[in-house]
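As structure tokens, the structure follows; a few thoughts come after it.
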Amino acid sequence: MHYSVLLQESINDLNINPQGIYIDATFGRGGHSKAILNRLTTGRLIAFDKDLDAISYARENFQFSNFEIVHASFASIYDYCLQHSLLGKIDGIIMDLGVSSPQLDNAARGFSFTHNGPLDMRMDVSKGITASQALEELSVDDLSYIFKVYGEERFAKKIALRIKDYIQQNGSIRKTLELAELILATIGKKEKKNPATRCFQALRIYVNNELKDLEALLENILAVIKSGGRIAAISFHSLEDRIVKQKFSALINPKQELNRITKMLPQDSSQIKLKWITKKSKANEDELNQNVRSRSAILRVVEKL
């Protein structure tokens, strides 16, 4: 079953205008979209998703005149708004980052290190390289870098060397459990978390360009949102959250150069573009009991001035 994490908190913090225009940057199974639509009267919602399964689900279950689903990465939101004359007209954006429960639970998608399936990991199966192909094509140094930076894996080089050696001997790694067991054999189980967790996260981020897409969205988000509009971001790991926090913070407290003569910071409020609505919120105990995956979720909400 799919749970939308921090659902009520994020929707409440968006302060929905019933006549407004909203964007769900990560449709998934439509939990946040449904909650927004329930609060709209003459307003409308545009949702984005790279996953064809999510697109099919939306077309079958969200047949509303004020709803549109777009098969695209949220990195293309600016271009979409430009093409449809919506720049500066969006009342709110919600983004629920990372992989969804249906993607994790379906072994055939290749995201799970506990259920065997093809080592794919693409959110959009219509294009791009699979995780299996990435392991074959990347050098030891590149693979090590991905594990270290995207997965924060301290044994990155050791795992990368073992993987490339295994591929040289066996031709490829085609199954998720094949990779998970290889990682376990390389570094052992030293903590409660599955030893494959970080490498699977890193590979998924690389295959789907997740952090680059997030940076592209945030780079242009001010041009999309209207004054008084709000942005809600839910992240599930420190890399995503760091990007969100740093971007929001830079627009709330912009770094300014000291005046060389007065040695004082210029008081230029025009450089301040956002204000915090929710600096940091986490799932409460009731939600944690319902959905263990919500334990790492962090919600941050800002408003455009």
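Here the Cβ of each residue, glycine as well, is placed from N, Cα and C on the backbone.
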Candidate sharing the S-adenosyl-L-methionine site with Gly30, Gly31, His32, Asp49, Asp96, Gln103 (per Swiss-Prot), from Phe74, Phe147: Phe74
Packing count at His32 (S-adenosyl-L-methionine binding site) (other Cβ atoms within 10 Å of its Cβ): 28
Under 8 Å by Cβ from Gly30 (S-adenosyl-L-methionine binding site), counting only residues of that chain that are 6 or more apart: Asp24, Ala47, Tyr57, Ala58, Asn61, Phe62
Neighbour count (Cβ, 10 Å) for Asp49 (S-adenosyl-L-methionine binding site): 27
S-adenosyl-L-methionine binding residues Gly30, Gly31, His32, Asp49, Phe74, Asp96, Gln103: largest Cα-Cα distance, in Å and rounded to whole number: 18
Under 8 Å by Cβ from Gln103 (S-adenosyl-L-methionine binding site), same chain, sequence gap 6 or more: Asp51, Asp53, Arg109, Phe111, Met123
